[in-house]
Amino acid sequence: MQILPYLVAAYVFLVGCYGLATSRNLIHTVGCLSVCQAATYVLLLAVGYRDGATAPVFSDVEPGSRPVVDPVVQALTLTDVVVGATVTALLLALVLQVAKRHGTVDPDELRELRG
Amino acid sequence: MHHLLPLLAALPLLGAALLVVTGRHLPRAAAETTGLVFSGGTAALALVLTLNSSPPMVEWVGGWLPVDGESVGIVVVGDGPALGMAALVSLLTVAALAYSWRYFAEPPPGHPGAFTALMLVFQGAMCGFALAGDLFNAFVFFELMSVVAYALTGYRIDEARAVQGALTFGVVNSLGAYAMLMGIGLLYARTGELAMTKIGRGLDTAAAGHGGPDGLVLASFVLVLTGLLVKAAAVPFHFWLPDAHAVAPTPVCMLLSGVMVELGVYGVWRVYGTVFAGPGGIPAADLTRALVTLGTVTAAVGAVMCWYQRHIKRLLAYSTVAHTGLFLVALGVLTPEGDDGIALYVVGHAGVKAALFACAGILLDRYGSVDEHELHGRARELPGVAVMFAVGAVGLAGLPPFGTALGKGVAEEAVGGPLTVVYVAASAITAGAVLRITARVFLGLGPRPRDARSDLETSGTGERPETSGPLRRIPDTMRTVPAVLLAAAFAVGVVPAFGGLVARSVNEAGSGGAHASVRWTAHGILLGLASTALAAALAALAVTRPRWVAAPGWAVPLRRLQSGHVGDYVAWLLMGVTVLGALALPGVLGG
Amino acid sequence: MNRLRLWLLAVGGAGLTALLVAACPGLPRFGGRSHPYGERAVRASLDRHTANTVASVNFDQRAYDTLGEMSILFAAVLGCVVLLRQARDEHRARPEPAAVARPVRRYALIVLPVALVTGLYVVAHGQLSPGGGFQGGVVAATALHLLYLGADYGALERVRPLAVYETSDALAVCAYLVLGLAGVLAGTAFLANTLLPYGTFNTLSSGGAVPLLNAAIGMEVASAVVVLLATFLDQAVEIEEKQGS
């Protein structure tokens, strides 16, 4: 039970990798990349969790009255989310152009760039 | 002085933002001048800081100086290697911007400064990564550098290959970055810190409790290194590189091959030295095993694949793969001499490789092709470019007194023994391939190769020039930039004080204070001459007796591996993680 | 799918699984108490009168990371504008007005101002309550796009002069950098939050430079999301391949 959240993060990362390797559609590929990234959110937030703790926001909690979860990982996760969203947008833009130039989004049918 | 360190990342970003604010109202020349001013100003700042980097500087961004050794801020490192890389990045960006001066056919409508702005962000990102002393901060700048690089690689959206190469680049590099972030998460869990030196100390403290590194240290080491080695294009993480470098606009190729890939190698050096080198990290013998093995394979695969290319930019891309392998080998032996050698090699290689890409760009813009077979003898009318291409080739081979030769000689002595063969062979084969191009394309020597179309390779025909039509006359900027870059690579080896300066600042930052002297040795000069002679012989053989050096049967499966399929590349990446883990495992089991 | 890839995937996946599983026993207990950096961050945040510790980490303690993060967004927007520009063989068509079901229109037009105000509220209270520039900026930008649902693309384009949003995106980046440079000019450090008074804890003006940096990010994110969505919507609605090419 104690390592379950970490195992979930590992599982999510592996599933994303499986999807990336076997994908038949580039949009799906980009989605799988986001799945891999979701694993990093799970890992970071699991690392920062503390039993019985609340959010590290002191506008309605007296400082020191309750434990709070690690605010650093939350900030890191926020950064990570923004990174993920922008990378997804950029890669989808590239998929759109691949679809226009190659007429397909199936990676098996892209016949350029070999050898 | 140390307060100025973060400005190396901030100034180019400010320039980019200003270009976007004013871009609509500026004429193109003004936008490009602004770009040059900002990147040049950053380069000047980087040089000044580099000259003042002894003793190494440290800056806590936001003024969060440590209290009792603890800080909540981000640390930026201003030692010789970090500032040297930032200076190299900045100078090469200036060169790339000068090369692209009034060069691209059509800037996006309404955004005359967009390309320049992206180049500036790229410069800022690479400088930020070079200076990072905080692991998560390094990840942020690593991602920034990747994101800009994807956009720049796919810049020519009318080209089917460009968008495919950029997408492959994006998927593989992002996956590597996420693996790196998983590793950072594991390290944070173990140590509760993000500054690299603090993580290193945390690992040592934890290991003292239960005797040596454990599975978590191994996993975090492998994951963090995966991200960096994907960037450094080590086999089997390298597949994205030829696909991306063959299709990116030429000025972007100059930066990708010249410094971005090398920043991956630099990252390995930095992260191992500050995080994993202690007793709680990965033992030196395991790192040596991992890097020397991967480096040797990388050099071999890169050199063989380089030799069989006909697409000139792809050929140059594979030569970058081969040279990264050489850098990794010298890094892996973990000696002060090895570090000095690679530092000089990287600087010399950046000049030579960027110049070669610049020359390939001239061919592309003049003839609309970068195919060795199609261009056979057509570039006889460009004697100046021919000379630069040949000089670049011998620079790649490591002919003394080029900077590459000095760096290679020092590195060869550091690795010693049979690994010297790898150095001579890889540099000779890649340089031989470039000389072969010179002989066929610029001199028209030998029979015209028969054009056997196969699905095994990418030809360089049917490319669209990057200018607004095929160039009749080569602009002076496009000729001057490669000449200056080659002269700089030459100067690195010739100016006597330079090698000593680099060695001193590298050793001051790492290598535990041990100082190694860097100088030309008879051994190094002889090996440099041998590589060059071998390269010339290979090229001569290829031109006069093409059958003797045609692709043998065993090279076919190797070439089939480069399938252009992103799923294959991801599977290879996973395989690489496993191999890396297996290579580093004995130390963890033994501990 | 070819056999080689399956083998690589099987072996590589097994190796990665082994590696990740081997790391798990070494991890601290889930929910454990040891968070040295986190505790220092909470103390530093309270010292500077910032009620939301996450905002303090983002805009004060690790504001340099946020600079990189903001630049990633800026670069991605610029990249998408460049990558999704009109290609040589394409032209722009006028968007056709589309019929919208009345309930949808009514709902969208009622929710739009509410969503917009919510977004601005979340941005403004970034240093006090959960949320901040990133979250609020996205909400505000999404609010505008209710016009696309409630009316049509033409209506959205009228309230969305792209040039203005692109400029404000870049201006926000400039503002963040200038706020950072002010620290250097004042002789402290880049992005140092020492120039402004820290104010009263738990009020809108607390935290020194945190609200300013937070506002810059809010402006950047809102503009960036608008531009980003616009480049994709343009592809779907306006840009067409030329006939016969």
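For all residues, glycine too, the Cβ spot is worked out from N, Cα and C.
Residues or ranges marked as domain 'NADH:quinone oxidoreductase/Mrp antiporter transmembrane' by TrEMBL: B:132-408.
Under the heading region 'Disordered', TrEMBL lists B:452-473.
If you look up TrEMBL, you'll see B:82-101 (among others) marked as transmembrane segment. Within the same chain, residues 8, 12, 32, 35-36, 39-40, 42-43, 46-47, 49-50, 53, 115-116, 119-120, 122-123, 126-127, 130-131, 249-252, 254-255, 258-259, 262-263, 266, 270, 343, 346-347, 350, 354, 358, 361, 475, 477-478, 480-482, 484-485, 502, 505, 509 sit at least 6 positions outside the transmembrane segment (B:82-101) and bring their C-beta atoms closer than 8 Å to a C-beta of that stretch.
Per TrEMBL, the feature transmembrane segment maps to B:113-132 (among others).
What TrEMBL records for B:167-189 (among others) is transmembrane segment.
Annotation comment: TrEMBL describes B:216-240 (among others) as transmembrane segment. Outside the transmembrane segment (B:216-240) by six or more residues, the chain places 135, 139, 142, 146, 168-169, 172-173, 175-184, 186-187, 189-190, 203, 207, 260-265, 267-268, 271, 275-276, 280-282, 290, 294-295, 297-298, 301-302, 320-321, 324-325, 327-328, 561-562, 568-569, 572-573, 575-577, 579-581, 584-585, 588 with a CB less than 8 A from a CB of the stretch.
Marked as transmembrane segment by TrEMBL: B:252-269 (among others).
What TrEMBL records for B:315-336 (among others) is transmembrane segment.
Sequence-remote contacts of a segment are chain residues at least 6 beyond its ends whose Cβ falls under 8 Å from one of its Cβ atoms, and for the transmembrane segment (B:342-364) they are 81, 84, 88, 92, 95-96, 99, 250-251, 253-255, 257-259, 262, 265-266, 269, 312-313, 316, 319-320, 323, 326-327, 330-331, 370, 375, 379, 382, 385, 388-389, 392-393, 395-396, 402-408, 410-411, 434, 441, 463, 465-466, 471, 474, 478-479, 481-483, 485-486, 488-489, 492-493, 499, 502-503, 506, 518. The transmembrane segment annotation in TrEMBL covers B:342-364 (among others).
Summarising the annotation, TrEMBL assigns transmembrane segment to B:385-402 (among others).
According to TrEMBL, the feature transmembrane segment maps to B:422-443 (among others).
Residues or ranges marked as transmembrane segment by TrEMBL: B:481-502 (among others). The list of residues near the transmembrane segment (B:481-502) in space but at least 6 beyond its ends in sequence, with Cβ under 8 angstroms from a Cβ of it, reads 80, 84, 95, 98-99, 340, 343-344, 347-352, 354-356, 358-359, 385, 388, 391-392, 395, 400-407, 410, 517-519.
Feature annotation from TrEMBL assigns transmembrane segment to B:522-543 (among others).
Residues annotated as transmembrane segment in TrEMBL: B:569-589 (among others). When Cβ-Cβ distances below 8 Å are used as the criterion, the transmembrane segment (B:569-589) is approached by residues 168, 171-172, 175-176, 179, 212-215, 217-219, 221-223, 225-226, 229-230, 234-237, 239-240, 282-283, 285-287, 289-290, 293-294, 561 of the same chain, each at least six residues removed from its ends.
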Positions on the same chain near the region 'Disordered' (B:452-473), where near means CB under 8 A and six or more residues out: 103-106, 156, 158-159, 161, 246, 249-250, 308-314, 361-362, 364-374, 556, 559-560
Composition by DSSP (helix, strand, coil) of residues within the region 'Disordered' (B:452-473): 0 helix, 0 strand, 22 coil
